[in-house]
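Record features, source Swiss-Prot:
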BINDING   Lys120, Met157, His175, Gln176, Asp177, Trp193, Ser266, Arg275  2-oxoglutarate binding site
BINDING   His175, Asp177, His264  Fe cation binding site
MOD_RES   Lys59  N6-succinyllysine
MOD_RES   Lys108  N6-succinyllysine
MOD_RES   Lys231  N6-succinyllysine
MOD_RES   Lys252  N6-succinyllysine
TRANSIT   1-30  transit peptide
Amino acid sequence: MDYTRAGARLQVLLGHLGRPSALQIVAHPVSGPASPANFCPEQFQYTLDNNVLSLEQRKFYEENGFLVIKNLVSDDDIQRFRAEFERICRKEVKPPGMTVMKDVAIAKQGYAPSERVVTKIQDFQQNEELFRYCALPQIVKYVECFTGPNIMAMHTMLINKPPDSGKKTSRHPLHQDLHFFPFRPSNLIVCAWTAMEHIDRNNGCLVVLPGTHKGPLKPHDYPKWEGGVNKMYHGIQDYDPDSPRVHLVMEKGDTVFFHPLLIHGSGRNRTQGFRKAISCHYGSSDCKYISVKGTSQENIAREVIEIAEKRYGVQGALDFEDTWKFRCRLVKGERINL
């Protein structure tokens, strides 16, 4: 299969070059109600037949593109994920392939290694402790409602939104996750995003634009923010600023599942604490890779390839598809295409 060939090719390259430690990168809300789940579609488009979601939950996701499940992840699991994150921040753990990101405003201040300087870790699929999140049975049973039984963990994050420095760099611009993904169909992709503590507008909760998952993928680029923008924080260049928005106030353990075309972002953290959340983007292994050449995704493809080539010390040996094939990991079922 392609993923075997690509993985083997990269493994050979890395075998000669050795694997470096995790790369470190310097990295106007209007509230509105979600649409009521009172419609009867002729055919469900965004959810699969199952006995997990109630009819009302299924209708809500179909109409709005997201669904919050309360108290899904235990306090004990969240504490374990927090402890492992702190070990990574202290550089006691260096899983292969993981990216450690710093806030663009904080990175210049020269703090010692700690959670104070790390704003996010990405691609922790090879860290067995954090990967437990991706495989939690209570998470996976909901994921299967969107992806079907063959489930891949495609992209993982533990987000540590820092107190804003005053430059508003702790914001995450409104975006669609599909901008970052070279695989389709989008309806077989879902994100699980779990609050690791109480999250509200004060510390930068998620904000979503209900129903936008029904629209197209929009062009993304870096927003022109005066205080600077974190690495790979692309945002939508064209959206209706008057669109209704919902701010997701969540308690520790609450989990939101959302579609990759749903427009969402987060505000700045106005508190003195660090706002933590853990997430995984899942895709059905029946999805297929696509070429993004000539599309609005070319800009992120160039950026990801550049980072991967720098990490692995290779030039011209990778394409966008390779970077995903090497990172993703099977969660359940059979690995078919991805």
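Start at 1 and count along the chain as shown; that gives each residue its number.
Cβ from N, Cα, C; glycine included.
On a Cα basis, Lys59 (N6-succinyllysine) lies 31 Å away from Arg275 (2-oxoglutarate binding site). If you take the Cα of Met157 (2-oxoglutarate binding site) and the Cα of His264 (Fe cation binding site), they are about 16 angstrom apart, rounded to a whole number. In this structure, the recorded positions under consideration are His175, Lys252, His264, and the one with the smallest number of other Cβ atoms within 10 Å of its Cβ is Lys252. Within 10 Å of the C-beta atom of Trp193 (2-oxoglutarate binding site) sit 22 other C-beta atoms, taking all shown protein chains into account. In the three-state DSSP assignment, the secondary structure recorded for Lys59 (N6-succinyllysine) is helix. Over all protein chains present, the Cβ of Lys59 (N6-succinyllysine) has 20 other Cβ atoms lying within 10 Å. The number of other CB atoms found within 10 A of the CB of Met157 (2-oxoglutarate binding site), across every protein chain shown, is 20. For Asp177 (2-oxoglutarate binding site), the nearest neighbour among the recorded positions Lys59, Lys252, His264, judged by Cα separation, is His264. When the Cα atoms are compared, Gln176 (2-oxoglutarate binding site) and His264 (Fe cation binding site) turn out to be 7 Å apart.
Of all Cβ atoms in the shown protein chains, 26 besides its own fall within 10 Å of the Cβ of Gln176 (2-oxoglutarate binding site). Closest in space to His264 (Fe cation binding site), of the recorded positions given as Lys59, Lys120, His175, Trp193, Lys252, is His175, taking the CA atom of each residue. Across the structure, Lys120 (2-oxoglutarate binding site) and Lys252 (N6-succinyllysine) place their CA atoms 18 angstrom apart. Taking His175, Trp193, Lys252, Ser266 as the recorded positions under consideration, the smallest Cα distance to Lys59 (N6-succinyllysine) is found for Trp193. In the three-state DSSP scheme, Ser266 (2-oxoglutarate binding site) falls into the strand class.
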